[in-house]
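Just below is one structure, and these are the notes that go with it.
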Amino acid sequence: MAQLYFYYSAMNAGKSTTLLQSAFNYQERGMEPVILTAAIDDRAGVGKVSSRIGLQADAHIFDENKDVFALIQSLNQDKKRHCVLVDECQFLSKEQVMQLTDVVDELGIPVLCYGLRNDFRGELFTGSQYLLAWADKLVELKTVCHCGRKANHVLRTDENGDAIADGNQVEIGGNNRYESVCRKHYKAALNMGR
């Protein structure tokens, strides 16, 4: 029975690596996965999913206007698809999350989504908000703060390395602008404590 999975974490927990390993596992068994990634994240090139450890795969891209159900239905008609793997799923819209529930419920294809839970302001991304509400399975992937605690927040820094709490929710960047930290160090960096 197909299900909708949401694998979430702070940055640098291995979400893309886990997605690419899942794709490999399906392919090794002669099965066909569909890989999707957000058009906005072109750090590795448009239509590419890549991990920090050097793994990479081609992917179909989605933006806020893409009907992901129609895309997957069309691909499935051309060739049987055995799963859908979505990288950077925090950038999905509410409608796209609902379309992914239709992929599971109507097409019977498992959907595995990988992404950030919350942004640098400590607020949920739209895609993450609706995946938390609609996914059959929620799986937290863990990474570590510099103090050794579980990191569950993401700090954005300015050009001087100082933590900032203002700005657009989406700004594509890597380790030079973001740091995964625990709640205690997130609050301390933004002077949110008592």
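Including glycine, each Cβ sits where the backbone N, Cα and C put it.
Listed in Swiss-Prot for this protein:
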type	residues	note
BINDING	SER9, ALA10, MET11, ASN12, ALA13, GLY14, LYS15, SER16, ASP87, GLU88, CYS89, GLN90	ATP binding site
ACT_SITE	GLU88	active site, proton acceptor
BINDING	CYS145, CYS147, CYS182, HIS185	Zn(2+) binding site
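Projection of Swiss-Prot feature records onto the structure.
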residue : record                       : CB count, 10 Å
SER9    : ATP binding site             : 23
MET11   : ATP binding site             : 20
ALA13   : ATP binding site             : 22
LYS15   : ATP binding site             : 24
ASP87   : ATP binding site             : 26
GLU88   : active site, proton acceptor : 26
CYS89   : ATP binding site             : 31
CYS145  : Zn(2+) binding site          : 19
CYS182  : Zn(2+) binding site          : 19
HIS185  : Zn(2+) binding site          : 19
### Summary
Mapped onto three states, the DSSP assignment of MET11 (ATP binding site) reads coil
### Task
Around the recorded Zn(2+) site, report the further residues of that chain (criterion: Cβ within 8 Å of the mean position of the Cβ atoms of CYS145, CYS147, CYS182, HIS185; site residues excluded), sequence-ordered.
HIS146, GLY148, ARG149, ALA151, VAL181, ARG183, LYS184, TYR186
### Task
Determine, using Cα-Cα distances only, which of these recorded positions is closest to ALA13 (ATP binding site): GLU88, CYS145, CYS147, CYS182, HIS185.
CYS145
### Task
State the count of C-beta atoms found within 10 angstroms of the C-beta of CYS147 (Zn(2+) binding site), not counting that atom itself.
10
### Query
In whole Å, how far is the residue listed as 'active site, proton acceptor' from LYS15 (ATP binding site) when you measure between their Cα atoms?
9
